[in-house]
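Undergrad: As annotated in TrEMBL:
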DOMAIN    166-494  domain 'SAM-dependent MTase RsmB/NOP-type'
BINDING   Cys278, Ala279, Ala280, Pro281, Gly282, Gly283, Lys284, Glu302, Asp337, Asp358  S-adenosyl-L-methionine binding site
ACT_SITE  Cys408  active site, nucleophile
Amino acid sequence: MSSKRVSRDRSAVTYAELEANSTVHNVEVLVDEMSVFPQISLRPEVTEHLKTIFLNKELLAAVGHHEAEHRFQKLLACLSHPPSYTCVRASTHLAPLEEIRHRLEEELKKMCSSPSEEVSLQILPHPRLPDVLLLPVDGPRPVKQLSSEVVVGAQCGTAVLRGAHVFAPGILASPKYMKVGDVISVFSDLEGKCTRGSLSFQGKTAYLGNGVAEMDRSSIFCSDEPVRGVGVRMTEPLYQSPSFDGVLPNLVFLQNLPSVVVGHVLGPRPGERILDMCAAPGGKTCHIAALMGDQGEVVALERIRNKIDRIRQNAQTLNLSCIKTYCFNSTKAVSSDPTQETEGPPFPPESFDRVLLDAPCSGLGQRPNMASTWSLKEICSYQPLQRKLFHAAVRLLKKGGVLVYSTCTVTLAENEEQVAWALDAFPCLTLQPQEPHIGAEGMLGAGLSPEQLRLLQRFSPELSWEQTDPTTTPLPCRADGDTIGFFIAKFLKN
Ligand SMILES: C[S@@+](CC[C@H](N)C(=O)[O-])C[C@H]1O[C@@H](n2cnc3c(N)ncnc32)[C@H](O)[C@@H]1O
């Protein structure tokens, strides 16, 4: 099984050393030295495309070739690694943050397998987000590969790196005689080439740690029923973070930090009518409703029917009743008859106080992501759809209302270029300051002015992925930089 891993002392390479090495080759080598996993594997044409973005003329003129190349190499490296903390959003509409923190601590302590694990358990409030708790991830840890191996799909692998156990549907290959109680190493199939039911796999994989089988091979692959439940319980994960499966489901919700920032930037108030145009699975929808104290109306639209139930389940679990969910294509959400008043979509123009367009996007900011087989055509296919959605968003927003546009990707075309286009296409829109603004400013390259860039919020993990010493850098400071790649723009309709 091909695998390049495991823990090296990442602090051995300092920023100063990186700076001192001016050739591109050395930058690549040093960034790679800091990594447990290889850089994200993309199709060559996609890597080249991203490189033209991160080494664009405006940026090169501002920071120089070496710094731009360094940032780009770090981006490719940090994308394949998980952020160094876990972020949970607390249901502060149901209980005070401190009470939720305390209850979470009690629950997680029960799950610890040793007193030292209990002592190292930290749950910290975020200094600027009143509903966020942060938990440091312990990793990479020095774990040893075993001879017996299970291979899981990339999506399952991502979840394991963020603290989950291995759910049986994610298992692709296992030893012929694997039985309950076997101790086994877990690998992620990086290129989607492992066939379900295989006995072994020779393709590219990444080692995720060790666990104990909770099912035997035949229960996983030979059952007539769709297989469910934990297949391998992770006992020695490479990156250790609590598994939140079933833990205080109404009080804590796993959510990436930038996604929580979106809700606050939108700033919904009790009694307002809010539209969430691309809502599933409903993390931001529920946050908006919670921020409104469940008073008012949050309309959640989602085009894919089988994702609708997730939004409803999440709303129900979090005790939120002001959310109305519809399966609908949001590009068609503006009614052609403005006098027509119906409860559901399409809606007359100017129906909403605030609109969230958390757009479908190329998702290139997601972490950890060790490999993507997407073509350049697929990566570039989102800009037109996002613009159609934007047209509908502007029409549905009341005058004086707020529109927030967000993506979880790193391209200019889906982020700063969309802002430049929108400001040109809709003279009624002006960019607004964001609160909180804990990410970086917008990226150069789309012709926006420095003032405009300062109003944008881009979470750029490559700017801070230095593997800072966890003992000296407080967690909330690290957490604000070591996020998924994300983008937020806030507009006012005049
Ligand atoms: C980035 S995800 C949204 C995540 C969600 N806001 C959250 O925080 O949980 C984008 C969603 O938009 C949906 N979508 C894509 N095109 C759409 C359209 N034309 N109308 C409505 N939803 C759409 C996708 O199916 C996907 O579920």
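In case you wondered, yes, glycine gets a Cβ from its N, Cα and C as well.
Keep in mind the model is a prediction, meaning the values are calculated, not measured.
Thinking about packing and proximity, how do these listed features fit into the structure?
TA: Under a cutoff of 8 A between CB atoms, and with a sequence separation of 6+ in the same chain, the neighbours of Gly282 (S-adenosyl-L-methionine binding site) are Ala300, Arg310, Ile311, Arg312, Asn314, Ala315, Ile323, Thr325. Taken residue by residue with DSSP, Gly282 (S-adenosyl-L-methionine binding site) is part of neither helix nor strand, so it is coil.
Sequence-distant neighbours of Cys408 (active site, nucleophile) (same chain, six or more apart, CB under 8 Å from its CB) are Asn256, Pro258, Ser259, Cys361, Gly363, Gly365, Gln366, Ile484, Gly485, Phe486, Phe487, listed in sequence order.
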Undergrad: I'd like the number of other C-beta atoms within 10 A of the C-beta of Ala280 (S-adenosyl-L-methionine binding site), please.
TA: 22
Undergrad: Per-residue pLDDT averaged over the domain 'SAM-dependent MTase RsmB/NOP-type' (166-494) comes to what?
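TA: So the average pLDDT across the domain 'SAM-dependent MTase RsmB/NOP-type' (166-494) works out to 95.
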Undergrad: Cβ distance under 8 Å to Cys278 (S-adenosyl-L-methionine binding site), same chain, sequence separation 6 or more: which residues?
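TA: Correct list: Leu301, Glu302, Arg303, Ser330, Leu357, Asp358, Ala359, Pro360, Leu389.
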